[in-house]
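Asks: Sharing the features that Swiss-Prot gives for it:
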type	residues	note
SIGNAL	1-25	signal peptide
CARBOHYD	Asn37	N-linked glycosylation site
DISULFID	Cys54-Cys71	disulfide bond
BINDING	Asp194, Asp218, Asp222	Ca(2+) binding site
ACT_SITE	Arg270	active site
Amino acid sequence: MGIKHCCYILYFTLALVTLLQPVRSAEDLQQILPSANETRSLTTCGTYNIIDGCWRGKADWAENRKALADCAQGFAKGTIGGKDGDIYTVTSELDDDVANPKEGTLRFGAAQNRPLWIIFARDMVIRLDRELAINNDKTIDGRGAKVEIINAGFAIYNVKNIIIHNIIMHDIVVNPGGLIKSHDGPPVPRKGSDGDAIGISGGSQIWIDHCSLSKAVDGLIDAKHGSTHFTVSNCLFTQHQYLLLFWDFDERGMLCTVAFNKFTDNVDQRMPNLRHGFVQVVNNNYERWGSYALGGSAGPTILSQGNRFLASDIKKEVVGRYGESAMSESINWNWRSYMDVFENGAIFVPSGVDPVLTPEQNAGMIPAEPGEAVLRLTSSAGVLSCQPGAPC
């Protein structure tokens with residue numbers, strides 16, 4: 001039996017154990033973390049983390065693109081994007097008619113009412129004239145080309161089942177509203193965008209993987225207004241102040257995963273910042289944040305597991321607690337650290353207790369490796385260079 005096969009069996013076993021546990025006590029919570037023997041077995045899988053190990057290393061990826069749809073982990077697990085639809089190829093960089101886009105443009109494909117797996121014919125720099133409204137059941141797959149999105153970002157509003165993979169987004173600015181194509185019917189009026197690279201509002205089953213994001217006027221990824229069940233994984237975040245803002249305006253139970261990402265090169269805060277909700281922050285690499293790395297308000301649950309925190313010479317504190325009740329109530333917020341690695345004097349001040357997880361929370365947890373493994377697990381964060389006929 002091959003090493004790779006053994007790794008899959010190990011991960012499946014860990015996931016099965018997770019699913020069979022209805023709730024976790026403080027002691028039970030440690031069971032999502034592998035034992036020393038399990039860690040040694042995981043390490044033999046090579047450089048791939050659990051997500052990349054599902055599809056990378058295969059030379060036929062271009063002929064079998066939709067295999068990626070079986071690889072989502074965390075709270076986006078089960079997200080298949082456009083797997084059940086046709087392949088749609090973007091052949092034009094133009095975005096000169098946002099109300100009635102031409103077939104062959106990214107906007108035309110993203111707006112269709114049917115499932116689509118969207119790919120790109122060649123390297124492209126697409127200057128979006130207005131934010132791009134993405135309809136249900138879409139995969140935007142940049143593998144095999146260098147695809148850059150500039151000027152306006154992606155809008156994932158009140159839709160579900162979306163995969164964004166291997167896309168570069170940078171220099172995103174505020175744009176006016178107007179009549180914009182968002183589905184098969186006539187264009188609809190949309191308000192202006194606030195400068196997010198990826199904005200999620202009321203969306204669910206969203207997976208953002210292997211993207212490189214930098215330099216937006218507002219957030220790199222913002223999720224609000226009832227958004228839930230999304231995973232941000234294997235991404236590279238650089239040169240930005242406000243990175244990931246995950247805000248629920250009531251206690252409906254936002255569930256999100258931040259896994260295997262790298263935050264470096266002049267990043268300041270919100271990696272993520274969570275209001276209400278529950279986030280697993282697992283096996284990420286944080287390097288020299290400005291204000292803080294992990295933050296939140298209004299009593300969110302933050303489980304930090306197996307991350308690497310390399311502090312700058314100026315700012316050492318990993319977490320930031322905010323809001324009117326932060327001083328009086330934050331001592332009860334469940335912000336916990338397990339197997340994290342702290343370098344150059346980095347400090348994580350925990351609060352609350354080890355939470356008892358619901359069955360739904362249990363099902364979305366990714367088994368964490370120790371923080372010492374993070375450099376390996378995040379070594380390919382950001383867009384990949386993928387050529388047909390060779391492994392990515």
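Residue numbering: from 1, along the chain as shown.
Backbone N, Cα and C define each Cβ position, glycine as well.
Walk me through where these features lie, including what they touch and how far apart they are.
Replies: In the shown protein chains, 18 other C-beta atoms lie within 10 A of the C-beta of Cys54 (disulfide bond).
Residues near Asp218 (Ca(2+) binding site) in space but far in sequence (CB under 8 A, at least 6 apart, same chain), listed by position: Val174, Asp194, Gly195, Asp196, Tyr242.
Every protein chain considered, the tally of other Cβ atoms within 10 Å of the Cβ of Arg270 (active site) stands at 27.
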Asks: So among the binding-site residues Asp194, Asp222, who's got the most Cβ atoms within 10 Å?
Replies: Asp222
Asks: List the residues in the vicinity of the Ca(2+) site, defined as same-chain residues other than Asp194, Asp218, Asp222 with C-beta within 8 angstroms of the site's C-beta centre.
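Replies: The answer, listed by sequence position, is Ser193, Gly195, Asp196, Gly199, Ala216, Val217, Gly219, Tyr242, Leu245.
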Asks: Between the Cα atoms of Arg270 (active site) and Cys71 (disulfide bond), what distance do you get, rounded to the nearest Å?
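Replies: Spelling it out, the Cα of Arg270 (active site) and the Cα of Cys71 (disulfide bond) are 26 Å apart.
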Asks: Where Cys54 (disulfide bond) and Asp222 (Ca(2+) binding site) are concerned, what is their Cα separation in Å, rounded?
Replies: 27
Asks: Between Cys71 (disulfide bond) and Asp222 (Ca(2+) binding site), what is the CA-CA distance rounded to a whole number of Å?
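Replies: It is 23 Å, counting Cα to Cα.
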